[in-house]
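> Quick one: structure below, then a few questions.
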Amino acid sequence: MPDVLIQNARVLEDGRLVPSEILIEDGKIKGIAKEFRISSYDELINADKMVVIPAGIDGHVHFRDPGMTYKEDWYSGSCSAAAGGIATVLEHPNTLPPVIDKSGLSLKLKHAKKKSVIDFGINGGVTNNVDQLKEIWRLGISVFGEIFMAESTGGLNISNDTLGDALSKIGEVDALACIHAEDEALRLENEVLLKNDTGIDVHSRIRPNECEEIAVRDCIKINKDTAVPARLHFCHTSTPEAVSLIAKAQKELSPVGNARKITCEVAPHHLFLSTKDYNKLGTLGKMNPPLRSPEDAAYMIQALNSGLINAVASDHAPHMHYEKDVPMRSAPSGVPGVETLMPLMLAAVRKNLISLERVIQVTSRNPAHIFGLDRLGKGSMAEGYDADLLLFDPKKTVPIKSKNLHTHCDWTPYEGMDGIFPGMTLSRGDVVWDGFQIIAKKGRGAFLPGAGLKTDEDGKMILEYDEDDDE
């Protein structure tokens, strides 16, 4: 007997929204049809003509847990994600302690398992731990990175020499390397050149387009020169120059069979914000890589539509308002965004900036494939896949307000901008957000181990942690 029947829904089919019903059994989609003539099920959901699409997969969040839980933790972060239509996240490694060894991974996994209301993967950090990369891969991390080529929050940036050694090790295990591409030498040079500059946009000039361009070019070459090149994914690309280099490399590495691939993502703040927003945001608009020109932001939307950019991810990196309310050079970099990713993208559909089909591709289907989550049933609204669903009214546009969001972070860079929020979010068939409140229990979220996971003879994870450990 099906667990859930969703009636009165609309589903995208061949570019059209068609009336549909969805059957869910054991947390997975059993079928989608115009009508199921059945009378036995555990739960009936009346979608009230809302559109149903795959819930978002956010491949780039910083939930600050453990170590900085006043900014965010696994419960608040996952609730924020669920309320924004995200059912799966990949959490990045620059916490305290960072995930650069077995103990760091064990501690983070303990916190996530106890608190998260949605499914999650955990990324492994790369610093001076090159000799431990294979071990943490076998312990179940999703991917490696983000790997910082320049200074950023957490102090995990590495030299180009170490990057080459790391990419070779990552390539040997056929894992994915997620790259934060900014050139540290140019950043340091500009810090000195602009040391007396108090302009509101100085952060964007310390880390100009060239900073990203140099790093992307260097990373592609370094990887190509290794004995076993890794698969590369460039995080939060923000410039036409970087996208062009990545597109060229993609063509050279034509994705045939198991050929090595290069992919990239963009964050909403590099689509919908620009340097003109510094006047409104001030230091709240500081992130790495920084805000770009309005022309660059417009290009990134075009590149997303054309397929040059493969995915959208929030780079949710919360800091409290009082921490940002200091001079630009002293302010921490990062903005919250996990709860507003899907609402912004759906509002962009309403404004004819992007198609709904493309939004589905770049927020669920492509991230699932890039990060290896499709092998675990993520990323598609089809029979046999996890019933991770987002239900929304495409006409219900509301202004984004920080007071209505569920993150610990007490502000949003998108204040007052249009968003279309979910009327419901399902994770493996469970309603985790009903349009008004989170109704999921702490710890219901499942860990999604990476492809390198090794288990013991009984099929259990080798990684262990002490349930009584304190943070």
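Backbone N, Cα and C atoms are what each Cβ position is placed from, and that goes for glycine too.
Where the annotation comes from TrEMBL, it is an automatic prediction and has not been curated.
The feature active site is assigned by TrEMBL to Asp315. Among the features that TrEMBL reports, Zn(2+) 1 binding site is placed at His60, His62, Glu146, Asp315. Residues annotated as substrate binding site in TrEMBL: His62, Phe63, Arg64, Asn94, His319. According to TrEMBL, the Zn(2+) 2 binding site annotation covers Glu146, His180, His236. If you look up TrEMBL, you'll see 51-396 marked as domain 'Amidohydrolase-related'.
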> Would you mind listing, in sequence order, the residues at least six apart from His180 (Zn(2+) 2 binding site) in the same chain with a Cβ closer than 8 Å to its Cβ?
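Once residues fewer than 6 apart are set aside, His180 (Zn(2+) 2 binding site) is near Gly145, Glu146, Ile147, Phe148, Met149, Ala150, Ser152, Cys235, His236, Asn288.
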> Starting from the Cβ of His236 (Zn(2+) 2 binding site), draw a 10 Å sphere and report how many other Cβ atoms land inside it.
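For His236 (Zn(2+) 2 binding site), the 10 Å Cβ neighbour count is 28.
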> Far apart in sequence but close in space: which same-chain residues, 6 or more away, have a Cβ under 8 Å from His60 (Zn(2+) 1 binding site)?
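Sequence-distant Cβ neighbours: Leu90, His92, Glu146, Cys178, Cys235, His236, Glu265, Ala267, Ala313, Ser314, Asp315, His316.
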> Non-local Cβ contacts of His319 (substrate binding site) (under 8 Å, 6 or more apart, same chain)?
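When sequence neighbours closer than 6 are ignored, His319 (substrate binding site) has Lys71, Pro332, Gly334, Cys409 within Cβ distance under 8 Å.
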> Run through the Cβ atoms and count how many others sit within 10 Å of the one on Glu146 (Zn(2+) 1 binding site).
27
> Which residues, sitting 6 or more apart from Phe63 (substrate binding site) on the same chain, put a CB under 8 Å from its CB?
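When sequence neighbours closer than 6 are ignored, Phe63 (substrate binding site) has Glu72, Asp73, Trp74, Gly77, Ser78, Val89, Glu91, Thr95, His316 within Cβ distance under 8 Å.
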> So, three-state DSSP: helix, strand or coil for His62 (Zn(2+) 1 binding site)?
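In the DSSP reduction, His62 (Zn(2+) 1 binding site) maps to coil.
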> Among all the protein chains here, how many other CB atoms are within 10 A of the CB of the residue listed as 'active site'?
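Taking all protein chains shown, the residue listed as 'active site' has 29 Cβ neighbours within 10 Å.
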